[in-house]
Amino acid sequence: MARILITSAIPYINGIKHLGNLVGSQLPADLYARYMRGRGHEVMFICATDEHGTPAELAAAKAGKPVEDYCAEMHEVQKEIAAGFRLSFDHFGRSSSARNHRLTQHFAGALAENGFIEEVVERQFFSVADNRFLPDRYIEGTCPNCGYDKARGDQCENCTKQLDPTDLIDPRSAISGSTELELRETKHLYLRQRALKDEIEAWIDSKTDWPVLTTSIAKKWLHDGEGLQDRGITRDLKWGVPVRKGSEPWPGMEGKVFYVWFDAPIEYIAGTAEWADANGKTDADWERWWRTDRGAEDVRYVQFMGKDNVPFHTLSFPATIMGSREPWKLVDYIKSFNYLNYDGGQFSTSQGRGVFMDQALSILPADYWRWWLLSHAPENSDSEFTWENFQSSVNKDLADVLGNLVSRVTKFCRSKFGETVPAGGSPGEREHQLVAELQQRLAAYEACMEAMEVRKAASELRALWVAGNEYLQSAAPWTVVKTDPEQAQAMIRLALNLIRLYAVISRPFIPDAAASMMTSLGCEDWSWPADVGRALEVLPAGHGFTTPEVLFRKITDEERAEWQTRFSGVRS
């Protein structure tokens, strides 16, 4: 049994996330966590809300609420929606937790002690209208790289280029919109990433199995232009982790907080500590996942994120870990994703464009969305959500293939043999061929899941469903029963066991449907099918079942057209 630590990029607190956020981090992370648990491994799956920085302050101000209250409310909203999508976090934490405050301050102190923090006097925009310094995300303007007119002072969300506020063309305050900005002096802490460049580069070079998307972005940031730069890790904000050197005050840094991108990844560790606190466990219980001197040396750590988060996870967070000179666990594998677009444009939380997670669940249950998003995950390139494709995929894959098999088998058995697994007959050559095909396809499915090739895994799972349907079409028990009822019973006995097999292996993708299939079969045996032949004998003759309701209903053309109009791309 392996020990797998899984973290998903933590979503910003500023509103409900869209489907692009979901498929770029949390959902594939959940798929992998569910699969690894299903294979019997020990899994720790951590996520949280990212509650500090400009987005939280601006969103709270817009909502007319104190930022602490806003974050507490939105954490519960995001937690509830995550549960609605059946995201199986072991803990869904908060970056504003006391644990994260202490750990962030601890890392800053360790970095300073080791000479990797520099105090820098810099010139920063001061808004005369707002009477305050403006951190980078409080400044908007036109991106000098791509011309996008809503670029932020830290990064352009359109082209992902990292920016300095002074790079922006026609900068303005994100608070008031005022262009009356002055450059004034202020002092901040910088993480000396350049001093750690050789260590970081050697570490990245050692990760020969990483996706091309991950390594290409990391190496681009390492080498393009002037290469890896030192990074400011403090801001002139009120809301955040107060700047301290470990447990001690930091002279000259009074009233400042740590930059959100410094404290947010540390929440992966803090969130695991929060899990221990919430479950009455000790520090040793979470440290065995994170400290290589306390049991984490055999842990495999996998991160999931969108491509815009890759630089922070391949450069800045590793620099924090390495520079601490403490035995913390570094990530082993980073699975990154491209963007999911919406009807010819980009999803965007800040711009309110696209279908959002709460809206999606108000239309259809989670499994419909999970299946489409995972089977169309933007792994090798950007992908696009269209209502036509969504309807086609749901109707063909879920309703016509899997749902149809479950319905035909259970209803036929009920009508001919009652709601018990029939006892007659024995497997023939056709059944043996099916078992061999399923064994081969299952191995391919497992290989894709192990490699985190999400779209290929979905394709292999669908092929497993198709194999069962093709067997039924070929065997035709509804015809055989007229001349050889014993053989028809053997076919249906195998087919009922096939439903259980599909429930077990489909659970990572469609957990609710899997649970429904198992409930109908009156079975609680979720053991992974190492041997398909034996797996197709788990339900014995005489075992009772109930004929389920429709597993997946089809989406009508009228519904598709109505949703297309209703969700035209802008959230009110």
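In case you wondered, yes, glycine gets a Cβ from its N, Cα and C as well.
The Zn(2+) binding site feature in Swiss-Prot is assigned to C143, C146, C156, C159. Taken from Swiss-Prot, the feature ATP binding site covers T349, and the record attributes it to sequence analysis. If you look up Swiss-Prot, you'll see 11-21 marked as motif ''HIGH' region'. Taken from Swiss-Prot, the feature motif ''KMSKS' region' applies to 346-350.
Where Swiss-Prot records a feature, it is marked here on the structure.
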residue: C143; record: Zn(2+) binding site; Cβ neighbours (10 Å): 21
residue: C146; record: Zn(2+) binding site; Cβ neighbours (10 Å): 12
residue: C156; record: Zn(2+) binding site; Cβ neighbours (10 Å): 24
residue: C159; record: Zn(2+) binding site; Cβ neighbours (10 Å): 14
Close approaches to the motif ''HIGH' region' (11-21) from elsewhere in its chain (Cβ under 8 angstroms; 6 or more beyond its ends):
47, 49-51, 55-56, 58-59, 70-71, 74-75, 77-78, 81, 306, 339-342, 346-350, 353-358, 360, 369, 373, 385
When DSSP states are grouped into helix, strand and coil, how many residues of the motif ''HIGH' region' (11-21) land in each?
3 helix, 2 strand, 6 coil
Starting from the Cβ centroid of C143, C146, C156, C159, which together make up the recorded Zn(2+) site, report each further residue of the same chain whose Cβ lies within 8 Å of that point, ordered by sequence.
P144, N145, G147, Y148, A151, N158, T160, K161
